[in-house]
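**Q** What follows is a single structure, and I will ask about it in a moment.
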């Protein structure tokens, strides 16, 4: 049976029906542990719910945003399979897909990418862990397959008119390359927030770049308008049978390269890649599990399979921007319902750890979305203690924005469990800091931030340590507690990882102070636009911003807002249009900054 538990975090008025997918009949004695998750994908506190698994019910598809779709999904245990019960599908249609996949001309532009045994991962997990290296393609991504397959089936008349698409990433390069090969003008509409390196890459492949809109949705709307106005064929990034079949050629290669595969793990954004690979495998090697992998903060396919129809996420975490899709495709969703075995969710720190794993294997750096499937496959093997099986994960791309590497590095050690981020509250007295260092003992410091302040009794120390064994870390925390030094493990709290170490030095003791995290676009005028909305009406007490090499960035703000003005403040924040969460949604952060 299929299931997914949705649990509310505190009280969010924008998501009043967050619990609608929790079965009302909680009579089962089976108790499962889930955790809250905020809009960033950070771990919150655990929630135990007795669950009775409920089947997916078929309901009409939707194409518009759904207001009651939660922006916050619970964390199932990383690597745990969220089961989908395949419904089958029309055998004649599936067979035609298979024929078209086998006859696809994608090798006019694509190579048969290598399937490489990851020896270090294999040794660590006790399996034969293979990585399908789609990052080795000319455009460093699998996306050229689907774009070329669809475009190669257009008539010469359609090609002569030209094609158009909207993309800020790998699909744009795939369409540009296909247009170059087919002697066809390829117009690519990209948001004005697109990094220059990606714009230059598309132009280098002959793409006619049109910069329009601040978001992908605005760029896509403009592309569709130009398609209608100028008679240009629109090339969707995933939701077209031609695109799906092109991506499905990866399945034929994996099947040629390796037999007796336990499971193939596939990153899921809009669903084109997994739909294509599943269509091939479930007809040729049906015993091989086809498992999709999504980030917790962009789990649109997972949620859609649970609901039985496509749903649109109101907020999407863009850390793995290549799979940050709010609404999966109509064709792709149908194929996933019919064919795949389930979904696995991964956190941003797990994705970062997977990037490091691939780097350790052969000094290659994947983009964040390119490592999603590897993170999911590793977590699945660890959760189910899989041994001596053939495991395949698709490395879908390597178009890493260089400025994002610092964030990946910050998270990688935490995601692998080889490093821990801790906060210790220590009574300010002579010799106490030396005592603290002694209690850390053999756990090697990798970073430490401490500043004496006379304004509060307890000092805050933020630090990272290397961890060989979890038991060593647990003992150290207990030793701290016995010495009256309360210690918190903040390793999976991304807000803390991003911001808190820069704020050590004491609370400001400001009356009516509230904190908020806003997810804002990375562009020049963002901060001014933001401040215009609040200042000088409310006093700014804190501001912390860091470019992440991403579509969006985290902006941490403090404001002085009297309680009587909170409704007015929230209305102003809502009008601004940026996803945000205020005050004490992140308990660990508030405990640390207010201590």
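Positions of Cβ are set from backbone N, Cα and C atoms, glycine also.
Pulled these from Swiss-Prot:
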type	residues	note
DOMAIN	420-492	domain 'ACT-like 1'
DOMAIN	514-585	domain 'ACT-like 2'
MOD_RES	143	N6-(pyridoxal phosphate)lysine
TRANSIT	1-51	transit peptide
**Q** Across the domain 'ACT-like 2' (514-585), what does the mean pLDDT come to, as a whole number?
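**A** Taking every residue of the domain 'ACT-like 2' (514-585) together, the mean pLDDT is 79.
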**Q** By DSSP assignment, list the helix, strand and coil residue numbers for the domain 'ACT-like 2' (514-585), in that order.
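**A** Counting residues per DSSP class in the domain 'ACT-like 2' (514-585), I get 26 helix, 27 strand, 19 coil.
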**Q** According to DSSP, collapsed to three classes, what secondary structure does the residue listed as 'N6-(pyridoxal phosphate)lysine' have?
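**A** It is helical.
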**Q** In sequence order, which same-chain residues at least six apart have a C-beta under 8 angstroms from the residue listed as 'N6-(pyridoxal phosphate)lysine'?
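**A** The residue listed as 'N6-(pyridoxal phosphate)lysine' has long-range Cβ partners 170, 171, 173, 174, 237, 397.
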**Q** Kindly report the helix/strand/coil residue split of the domain 'ACT-like 1' (420-492) according to DSSP, in that order.
**A** 22 helix, 26 strand, 25 coil
